[in-house]
Every structure is written in structure tokens, then in C-alpha cells.
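Copied from TrEMBL, the annotated features are:
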- 17-24, 85-89, 139-142: GTP binding site (BINDING)
- 8-276: domain 'Tr-type G' (DOMAIN)
Amino acid sequence: MGLIEEIQRRRTFAIISHPDAGKTTLTEKLLLFGGAIHVAGAVKSNKIKKTATSDFMEIEKQRGISVATSVMGFEYKDHKVNILDTPGHQDFAEDTFRTLTAVDSVIIVVDAAKGVEAQTRKLMEVCRMRKTPVMVFINKMDRPSKDAFDLLDEIEEELKIKVRPLSWPIGNGPTFQGVYNIFESNLNLFEASKQTVQESIAFSDVNNPELEGYIGESASELLREEIELVEGVYPDFDINEYLKGDLAPVFFGSALNNFGVNELLNCFITIAPTPQPSSTIQRDINPDENKFTGFVFKIHANMDPNHRNRIAFVKICSGKFERNKNYHHVRQGKNFKFSSPTAFMAEKKSIIDEAFPGDIVGLPDSGNFIIGDTITEGEKINFKGLPSFSPELFRYIENADPMKSKQLAKGIDQLMDEGVAQLFTSQFNGRKIIGTVGALQFEVIEHRLNNEYNAKCRYEPINLYKACWVRSKNTAQLEDFKRRKNQYMAKDKQGRDVFLADSAYMLQLAQQNFEDIEFHFTSEF
Ligand code: GDP
């Protein structure tokens with residue numbers, strides 16, 4: 001197969017949702033379909049469950065929060081599907097954001113009883129910003145649910161995107177009988193806990209009197225009315241609107257009961273975008289360019305604490321990636337060869353010889369990579385879109401074991417490269433300050449320093465409102481600013497100037513008084 005064919009058959013996406021809406025369950029069911037040929041029995045499907053719930057880190061097991069963002073690839077109907085898992089917990093929103101830079105589309109899971117929830121709203125903002133095409137799966141229809149039209153209105157309003165139902169529920173909760181698949185014109189009858197693919201019944205017209213035989217008279221009547229309303233209210237599904245990120249097709253189902261998942265997947269591989277061009281500071285990169293390019297969107301500490309090696313997750317943006325070929329690490333200006341790149345398939349992690357745009361490869365790394373690094377065949381380009389955000393939570397970090405100061409320094413250094421948090425060094429007192437977007441990160445850092453680096457840290461409170469990067473063409477004003485705000489100035493890991501404002505008021509005042517200074521709230525500017 002040539003490069004173009006390999007690109008055409010790839011679909012790389014993430015599933016996002018508010019915790020508990022059913023993301024993990026849906027992921028597992030999709031994997032089940034992906035491996036459907038091999039996995040018939042319950043034993044195997046249990047195994048899949050294990051892979052689906054990413055458990056790289058002990059901390060995650062303890063807390064039951066999916067901290068790690070892992071990758072699951074599978075083959076389905078001649079397509080190569082790559083699911084990038086995202087942590088649902090809001091404290092890891094930054095991790096999720098970075099993962100969203102590596103996907104071409106997104107499936108949003110919404111709980112049919114709860115509707116749109118806070119975390120979904122936030123993540124959708126990122127999709128809107130990036131114009132990522134999204135599909136919606138309304139889950140848990142086997143439970144008493146909100147009215148389907150109300151749910152669609154809610155999605156439209158809260159997620160600020162036009163919607164188009166491509167399936168329609170017949171009842172909900174105790175009266176749930178199944179869905180009418182508008183996209184494929186067929187009827188799917190619900191059976192709880194059925195783990196195999198349901199036979200769908202071809203039904204090009206809901207007005208066909210045979211419908212009553214399947215779902216009864218009153219449900220048929222209601223379905224006909226509602227489908228008529230759907231066709232009246234919503235314009236025909238326009239795939240281009242979806243691909244532009246302006247319209248979300250909506251499916252209904254129950255992931256737990258493996259219901260509606262197959263239709264979702266079939267529609268997904270038909271309409272979801274193939275690997276898309278990516279932007280670098282220098283130029284746009286098309287996936288079908290012959291030369292390989294890719295970027296690191298995630299770094300994962302290895303599970304084995306005795307070996308300090310890590311895995312850098314690289315999204316392939318163009319060309320073919322090959323094992324043992326010399327590639328250029330743009331930031332370091334050095335060449336590297338990778339003898340054991342891994343791919344993540346549903347069942348296992350395995351060494352691969354080649355990978356294509358849309359794929360994610362894991363490169364074993366002993367500390368050469370940081371988030372955002374670009375790898376090429378020699379061209380000096382830098383992929384964009386992986387900023388760090390202004391942290392809002394801060395603590396001084398101190399060494400709690402004087403015998404282990406080297407380990408602590410190394411641990412902090414590597415955790416920051418992984419993007420767990422950001423490190424600032426106060427220019428006033430030289431102390432190290434950790435800044436995060438979520439409170440959990442502090443515990444993660446403490447735990448991992450201890451577990452992986454055998455180092456102990458202690459935190460001390462510091463009262464700050466926000467950190468922002470400052471820059472100015474007016475060097476005199478910048479110097480003046482730095483002198484006056486001496487107490488509040490710090491350097492980030494790259495040595496850039498950071499202003500640590502202790503209140504919103506102070507920040508506002510600074511912005512007013514120093515007109516020539518740019519205050520940046522993401523690290524990419
Ligand atoms: P996540 O936090 O979004 O990954 O959600 P999970 O997949 O872990 O699901 C949260 C809970 O909802 C679990 O107890 C699931 O068994 C349950 N669940 C998931 N899908 C369904 C569904 O279709 N129907 C019902 N009744 N429960 C579901």
C-alpha cells in the first residue's frame with residue numbers, strides 16, 4: 001500500500017466527556033468491535049478491558065482517575081482507527097488539551113439523563129478553537145433520559161455547535177426499544193446486555209406499516225411524528241459542514257449494552273476526516289509529503305521505577321516513519337535513530353517497523369525529548385499549537401531530604417519536561433515555584449518524586465494569582481518594569497521572563513501602567 005492509501009484509511013480521534021458519562025465504556029466497546037473477529041468470549045473481552053483502562057501509573061490505580069493519556073489502535077473494515085484516550089479529571093485538562101492537538105476529530109459522549117456537563121463544555125471550547133470536527137454520542141438511553149429534542153437543543157446551546165441527529169431513540173429508560181438509524185435507514189432493536197453486533201432491520205421509510213410489528217402501535221406513531229419533525233427542523237446532513245467543525249452529527253445509544261456503538265463506528269469511519277495538514281512556525285505540512293515529520297505531544301514515565309527511561313508519544317504528521325532510520329531532533333540539532341519504536345494496538349504494545357501519518361509511535365527516551373519537540377528528516381521546522389497555559393495554583397517546592405538533592409533536581413526537571421507542571425525560579429529570592437492548572441498535580445509530583453526518583457519534596461504556600469510571560473520591544477520599559485516588580489519576577493525553565501501577579505488587580509494595574517509590555521497567558525507567542 002502506498003503512502004496515500006495508508007493516509008486515506010486512517011482515522012485518529014479522541015473521545016471526550018465529563019467524568020462518568022461513559023467514555024471508558026464506549027472506548028472498550030469500540031475496541032471490542034475492532035477486535036471482534038478474535039474476541040468472541042468473555043475472557044478475551046476482559047483482557048481488552050484492562051488495556052482500555054490505562055493503568056500505567058500506580059497513582060492512577062489508587063485514585064481511579066485516568067491520569068495517563070494512552071493510545072489504542074485497531075483495524076476495522078480496512079480502516080486503521082487510532083483512539084487517543086484523554087484523562088477525564090479536570091485537573092488534567094492540560095494533558096487533554098495537548099492530546100487534542102494530535103487528533104483529527106473527536107467523539108463527545110453525553111449522558112442522556114444529565115445532558116451537557118461542565119467538563120464537556122470546556123473541552124468543546126478547545127475543539128471549537130481548533131475547528132476540530134465532532135460527533136456526539138448520547139449515552140445511557142437505557143436509563144430514564146431527558147427528551148431527545150431537549151438534549152439536542154441543549155447541545156446546540158451549550159456547546160455552541162449546530163447539530164444533526166443521525167439516529168433517533170425509540171423511548172428511553174424502561175420504555176427504550178431501540179433506535180431508528182437515519183444515516184443508514186434501518187431499525188435497531190434494543191436488547192439489554194447483548195455483547196454481539198445486533199442485526200439491523202432495513203427500514204427505508206418509517207411510514208411502512210410493518211413498523212408496528214416491531215415496536216408497537218403507539219411507539220410507531222410517536223417515532224413517525226418525531227422523524228417528521230427531525231426532517232423538518234434539521235437540514236439534511238452536510239458532511240462538509242461537519243468537516244469544517246460547524247455541525248455535529250448525533251447518535252443515541254447505550255455503550256454499556258453495546259447498543260448504538262456499531263452504527264456510530266460505521267458512520268465514523270465513513271465521514272470522519274483522514275489525517276489533516278498541521279502547522280509549523282515555518283510552513284504548513286501536508287500528510288502526503290514524502291519526508292517524515294512528527295511532534296511529541298506527550299511524555300510518559302515508564303512504569304518500571306528501576307529504569308529511568310520514558311516514552312515520548314510522537315504524532316506522525318507526514319511521510320513514513322521507519323525504524324532504525326536517522327531522524328533529526330530539531331530543538332537539539334542532533335540526529336537520533338530509534339531501534340524499538342512501539343505502536344499501540346488494542347491488544348498489545350509492540351515494536352513496529354513503520355508507521356504513517358495519523359499514527360502515534362512511542363519512542364523510548366532517556367531524557368532527550370520535551371513536549372512539543374519536532375522530529376524531521378533534517379528540515380528545521382517547529383510544530384505549533386502545544387502551549388503551556390498560565391498556571392493559577394502555586395507552591396514553593398523545597399527539598400525534604402538533604403541527602404537526595406540531586407535526585408530531586410533531576411526529578412523536577414524531568415517531570416516539568418513531561419508537562420506535569422511548570423517550574424519558575426524567583427528572581428527575588430532564588431526559590432523554586434511550581435505552578436499548575438489543577439490541585440491534583442501537586443500530589444502527583446510529590447508521589448512521583450518519591451516513587452520514581454527516590455526524592456522527597458515539601459511544599460510551602462505562596463499567594464499568587466497568575467503567572468504570565470512578559471515581553472517588550474521597549475527594552476527600557478521592560479527593564480524598568482522588572483526593577484519595580486523585582487519581588488514578583490521569575491524565570492521559566494527556558495529562561496524567559498515571567499511576572500507572578502499576586503492579584504487580579506495588580507495584574508490589571510501593571511497592564512495599564514506599562515503599555516508597551518505584552519502580557520502572555522500561554523507560553524506560545
Ligand atoms: P467515564 O468516566 O466517562 O469513562 O465513564 P465510564 O465508562 O467509567 O462509565 C461510568 C459509569 O456509567 C459506569 O458505572 C458504567 O458502567 C456506566 N455506564 C456506561 N455506559 C452506560 C450505559 O449505556 N447505560 C448505563 N445504565 N450505564 C452506563
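Any Cβ shown, glycine's included, is placed from N, Cα and C.
Following the DSSP three-state reduction, the secondary structure of LYS23 (GTP binding site) is helix. Of all the binding-site residues given, namely SER17, ASP20, MET141, the one with the smallest number of surrounding CB atoms inside 10 A is ASP20.
The DSSP secondary structure for MET141 (GTP binding site) is coil.
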